[in-house]
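Reviewing the structure listed below.
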């Protein structure tokens, strides 16, 4: 063994000697080539410029033209044009709302493309931050204009629509397509999100109870202090949830074993996905889309009150129902699409995960931002709104506890959302100064006429059914 090792060492030394000699042999000093560097290739530089312009046009096509939802992009500039040419706030509100929908979807796309270059941990943080960037931008602009009730009601409406309408439509469509089997999803994910939603309900419920029971030490101030303290605790809890999800218990969020074999081909296709745009292109588009959404959100918020007056619709109904439905239409469609492909875990991530982000991150974030701006933004969402949220979370938690879904569960969730929408249509916000005018038929103009007609309709319907009995 020792001799063999010596021979190997000798052979290796010889090989090293030969390689060194060959290196010195085939690399002589050439004075002709070392005299001066050649001039830059002008044609090569022009080719690089053409490639950069081609990549710019290519990324523009992918982000702004390729997706079908981009046909709604012209509604944004039209809303800005109508804002300065007409006084019809209803059309400005409608065009702004429709124009924000494709921008929100494209913002999510740019975030997903950026996540390809950052890894799963940072990508998860990016999705958590920019997943509800549209709601955050609209809320900050409304806070700047002292429209605190619009902020509270729009965020509440996003939670209600995601938990009832989006999840219900996903269960309904998925159950109809796969009616021959029971669709299943990760029970662990549903339980963790349900616990976080119940914690959010606790944080929102206690300031409202403190206010309406008149048990606070300083009326109107103690609930604000409690809201700010609870918001900081909720942000810490959400950060812990992200760490728990991305680092500690990532195996809880893996696909179910039965579905892992059934969707093997689809999972393989998902693993082969590659980014369509580069790192700097995704960062640039993320900045451009965020800026455009912030500009368009300003026109949207400014037109809410005028749209309520011109369309004869309460501001609460616009904030709770219309804003979340149209603003998150692309997200809703993706949840339904994944449910029809029997990927309910992704649908739950879109619906319940988005509700968790809004309740545990966006709402406390708005309270902290209002604290910095000197605005009295608190967690007192009023009694009616808080009760609606509490009942909704209980209903959805009971629906998710089995880890299965069918079309009947989806139908029940959609019907529950219709009840909530009708409730907010007839609900009058007590903090609104025009609420009494809305109820009095002879003093409030259009709203009073609408209210009188509604009362006459229900009275006639009641008399009709009494005659039948």
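Note that Cβ sites are derived from N, Cα and C of the backbone, with glycine treated the same way.
Your range for transmembrane segment, going by TrEMBL and the list 190-213, 430-453, is 190-213. Cross-referencing 155-178, 251-274 with TrEMBL places the feature transmembrane segment at 155-178. Across the range of the domain 'Sodium/calcium exchanger membrane region' (282-424), the DSSP-based residue counts are 120 helix, 2 strand, 21 coil.
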